[in-house]
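Peer 1: The feature substrate binding site is assigned by Swiss-Prot to 49, 50, 51, 52, 109, 114, 115, 116, 120, with sequence analysis given as support. Look at Swiss-Prot and you will find 50 tagged as active site, nucleophile, backed by sequence analysis. Annotated site 'Important for activity' per Swiss-Prot: 99, in sequence order, evidence recorded as sequence analysis. As annotated by Swiss-Prot, NADP(+) binding site applies to 189, 190, 191, 192, 193, 194. Under the heading region 'Disordered', Swiss-Prot lists 422-473.
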């Protein structure tokens, strides 16, 4: 079982195209249902943010899964796959795992080191768990990626400035408008990014804050935390006329602020209105750029500014940590790979002991039950002690050199049947789900991953080229 990642991101994809490819929550859920409901994908999750749309799938075969994902992106997205094919990145097996590690750590973000993406990865995985699509393999990979991200954040200064996209955007606005302290601000949206925006605006010293959202309850809860006011989105035209700075981040698939509404709002203004649109797709119609006294900053504006936000030393340190964590992940995966053979060995030993005890019972019927039970206990204890050290050691060695050679050695030495079923728990088909039932151990129990399939079918260069370019994480 190998991990396959197919997606588009801010790296190499025009934002005008990326904003059309972004999936809303309903689209992502439906795509996930069809993905894991297919016979070619066992586990999966969908990560859709303002920076990327990526499908993560645990698969046996590369080519059928790649074809399926391409079809699903066209079926559930807002863009035909042919339009984005030249921008698609494809990662497989170890490269796919390394890519997820980099994404979770913020090293593949538009703002290097930003930590909102950790929550986005966690949310994507949680949805997969809730729908029964996160089994042992995906669980191990995601938990190791989140652990690696925590190490990067704790051991480097890659996000020491605490900057977010909003912080950088407000800096650009202040360069064009002048200091933002003392100005009135309007935040459109009430989700996680809106909360980040409100905090950033508070730090720069705005004096009047209004949060507008379709869900007034959420807007009120957010505004009250910062002594602001809440308003319904229906009052947007009036709110725009009364504010100096707007930060919009709704996640709507259609523009929230159109040129006609803003034309009325800025009529007669003498001071410019600053707009920071960090939504993808755009919340604010780009046509507003032609209006007088309107200064708009969006993700396209931010992209070149964000390229050099983290120091090269911090990035190198972070990548070194990710390399260490990836090596540890591979070692754990390899150690688990020898477990079926170890279980088969212990199972054979138990069957041999049981047969010999039955033979002894027939040959010495004069033994009373107490004596026979003492013999049984002693024999089991001897066998357990003989097997304990080598089976523990073989798992340690497999973690260093891979499971295949040690598994083969055990099977040869003890004449184990490689096809013999062993008692290892695994995700089972769910009667109420088209995919595998969820496997939900604790978040830190990331060592139950199945063995890495070194003989899994590798992606051909032609297939990767057909789907897009294969990029390094």
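Cβ coordinates are placed from backbone N, Cα and C, and glycine is handled just like the others.
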Peer 1: Specify all same-chain residues, apart from the site residues 49, 50, 51, 52, 109, 114, 115, 116, 120, whose Cβ lies within 8 angstroms of the center of the Cβ atoms of the substrate site, ordered by sequence.
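Peer 2: Result: 106, 110, 111, 117.
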Peer 1: I'd like to confirm something. Which of the recorded positions, 50, 189, 194, has a Cα closest to the Cα of residue 120 (substrate binding site)?
Peer 2: 50
Peer 1: Enumerate the residues of the same chain, 189, 190, 191, 192, 193, 194 excluded, that satisfy the criterion Cβ within 8 A of the mean position of the Cβ atoms of the recorded NADP(+) site; list them in sequence order.
Peer 2: 187, 195, 196, 197, 213, 222, 249, 250, 251
Peer 1: Helix, strand or coil by DSSP: which one applies to residue 189 (NADP(+) binding site)?
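Peer 2: The three-state answer is coil.
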Peer 1: Do me a favour and check the Cα-Cα span between residue 194 (NADP(+) binding site) and residue 49 (substrate binding site); whole Å is fine.
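Peer 2: Residue 194 (NADP(+) binding site) to residue 49 (substrate binding site), Cα-Cα distance: 14 Å.
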Peer 1: Please identify which of 99, 115 has the densest Cβ environment, defined as other Cβ atoms within 10 Å, among these recorded positions.
Peer 2: 99
Peer 1: Across all chains shown, how many C-beta atoms besides its own are within 10 angstroms of the C-beta of residue 190 (NADP(+) binding site)?
Peer 2: 26
Peer 1: With every protein chain in view, how many other Cβ atoms are within 10 Å of the Cβ of residue 192 (NADP(+) binding site)?
Peer 2: 14
Peer 1: Taking just the CA atoms, what is the gap between residue 51 (substrate binding site) and residue 193 (NADP(+) binding site) in Å?
Peer 2: 13
Peer 1: Taking just the CA atoms, what is the gap between residue 193 (NADP(+) binding site) and residue 115 (substrate binding site) in Å?
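Peer 2: A Cα-Cα distance of 12 Å.
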Peer 1: Near residue 109 (substrate binding site), which recorded positions out of 99, 189, 190, 192 have their CA within 10 Å?
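Peer 2: The recorded positions passing the 10 Å Cα test: none.
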Peer 1: Here are some binding-site residues: 189, 191. Which one has the most Cβ atoms within 10 Å of its Cβ?
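Peer 2: The largest 10 Å Cβ neighbour count belongs to 189.
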Peer 1: The record names 49, 50, 51, 52, 109, 114, 115, 116, 120 as the residues that bind substrate; what is their largest Cα to Cα distance in Å?
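Peer 2: The widest Cα-Cα gap among those binding residues is 15 Å.
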Peer 1: Could you check which of the recorded positions (49, 99, 115) sits closest to residue 190 (NADP(+) binding site), going Cα to Cα?
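Peer 2: Answer for the nearest of the recorded positions: 49.
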Peer 1: For residue 109 (substrate binding site), what is the tally of other C-beta atoms lying within 10 angstroms of its C-beta?
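Peer 2: Its Cβ shell of radius 10 Å holds 26 other Cβ atoms.
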Peer 1: With H, G and I counted as helix, E and B as strand and the rest as coil, say where DSSP puts residue 49 (substrate binding site).
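Peer 2: Reduced to three states, the DSSP call for residue 49 (substrate binding site) is coil.
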